[in-house]
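Asker: I have a structure here, written as structure tokens, and I will follow up with some questions on it.
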Amino acid sequence: MILLISDLHLEQDRPDITRAFLDLLAGRAREAEALYILGDFFEVWIGDDAMSPFQLSICKALRALSDSGTRIFLMHGNRDFMIGKGFCKAAGCTLLSDPSVVQLNGERVLLMHGDSLCTRDEGYIRMRRYLRHPLTLFILRHLPLGTRHKLARKLRNESRAQTRMKANDIVDVTPDEVPRIMQQFGVRTLVHGHTHRPAIHKLQIGDQAARRIVLGDWDRQGWVLQVDEQGFSLNSFDFVPETTALLN
């Protein structure tokens, strides 16, 4: 069994999401061969040298899962693209490039965060290219912590404001980009997050059937894609209320 999740946007202000994730690590993930986290794991990440006590606790929880035998793979999202080798080493996880092709159930599957598929949002794509440039990352990682915190808040607020103003089709994936990149990598299954629109889309690429699986964001409920001998299954689950969690 392999589990894939994305867009948890973990932060201290959402203890319900954190509890649900820790429950997953202590339960089903212990039985899994691997756990893939496809970006926006944290709501914000300003550097491995600036881990808060909350982020450190998540790191330790991942390490415990890794030490139990479950392999963990982490991909950058647009919120946490500054996660580096230091965090991954401490957490016992492997950093995946975006995109990456992996073998799931004997099938070549393309994994992405998904933001690079939104090519109609030209302003975002330009900003993404700038922020991910090695020189930009080097500069950002060497800014004072206070400056990084202020910059992260500014970018997050601007992103939220712009997303609200943009048409739905602009912030969703570009239809033509999906078959293009799937053909480029020679796959018939694409799994991504980012858009917060969970679904399994059936496609036709040339004369072959294909599919695009969109992972859900963890906000009002959690989402997990499970891959096992039965195939690919995308399911949601409700968060356990705090009072119930305390009783248990």
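Cβ from N, Cα, C; glycine included.
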Asker: Taking Asn78, Asn157, Asn235 as the options, which does Swiss-Prot list with Asp40, His113, His194 at the Mn(2+) 2 site?
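Answerer: The record-listed residue among the candidates is Asn78.
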Asker: Given that Swiss-Prot assigns Asp7, His9, Asp40 to the Mn(2+) 1 site, pick the one from His192, His196 that the record assigns to that site as well.
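Answerer: Within the candidate list, Swiss-Prot flags His196.
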Asker: Once Asp40, Asn78, His113, His194 are set aside, which residues in the chain still have Cβ within 8 Å of the Cβ centroid of the Mn(2+) 2 site?
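Answerer: Going along the sequence, the neighbours come out as Ser6, Asp7, Leu38, Gly39, His76, Gly77, Arg79, Gly114, Asp115, Gly193.
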Asker: Quick one, of the binding-site residues Asp7, Asp40, Asp121, which Cβ has the fewest other Cβ within 10 Å?
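Answerer: Checked Asp7, Asp40, Asp121; of these binding-site residues, fewest Cβ neighbours within 10 Å: Asp121.
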Asker: Which has the fewest other CB atoms in a 10 Å radius around its CB: Asn78, Ser159, the listed binding-site residues?
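Answerer: Ser159, out of the binding-site residues Asn78, Ser159, has the fewest neighbouring Cβ atoms within 10 Å.
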Asker: Given the binding-site residues Asp7, Asp121, Ser159, tell me which ones have a C-alpha lying within 10 Å of the C-alpha of His194 (Mn(2+) 2 binding site).
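Answerer: Those close enough are Asp7.
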